[in-house]
Ligand SMILES: *Cc1c(COP(=O)(O)O)cnc(C)c1O
């Protein structure tokens, strides 16, 4: 199957799955193009993909150089000292997960007089090796975010554990959904966490059923990556 075929198939499948979703919301596809060349991105675009996800700043910069009008999201661990290269070029930073990074994003937003859209990344299963805010510190972190006037928190993101246990993954996604509901209630006057970004090639069906409205799919569209990241 070609990238174009994969893209079309996934887009159709997502549309079908919207009917199985808890919320019946429409679901946005992020085609995760990391480690794949610009030609692959263009092929997916021509087949209907509109938003692309990258997880390395340098690779993102190179691809933005070739495709300056394309909608890219930063989905990977972001070092604070690299914010300056991408803060006004990506359409969404999905991996905001610590105060030092928040401070740096605010700094550039303030200087440019723009609001930088971000998702808070959650470490939903408390995996020690993983980035993301722990569930029990999200509220503190969110309050810290609300003090920054040049960072706009649009929702939550998670990378679920890499295990083949549907019931367990389903519980992780349910916890994410409930967390967003809770925060939207507590902070109903301050913000609206619209986006719930969860689900990857292995688990996007479960994620959509449990209320994801954004999925990030790489290998099922572009094939295997040479290096995993
Ligand atoms: C690589 C990556 C994906 C896509 O992974 P696949 O399993 O290839 O679909 C999604 N989200 C993040 C944060 C990633 O780094």
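Backbone N, Cα and C define each Cβ position, glycine as well.
Per TrEMBL, domain 'Alanine racemase N-terminal' is recorded for 15-224.
TrEMBL lists 34 with the feature N6-(pyridoxal phosphate)lysine. Just so you know, the Cβ of residue 34 (N6-(pyridoxal phosphate)lysine) picks up 20 other Cβ atoms within 10 Å once every protein chain is counted.
Mean pLDDT for the domain 'Alanine racemase N-terminal' (15-224) in this predicted model: 97.
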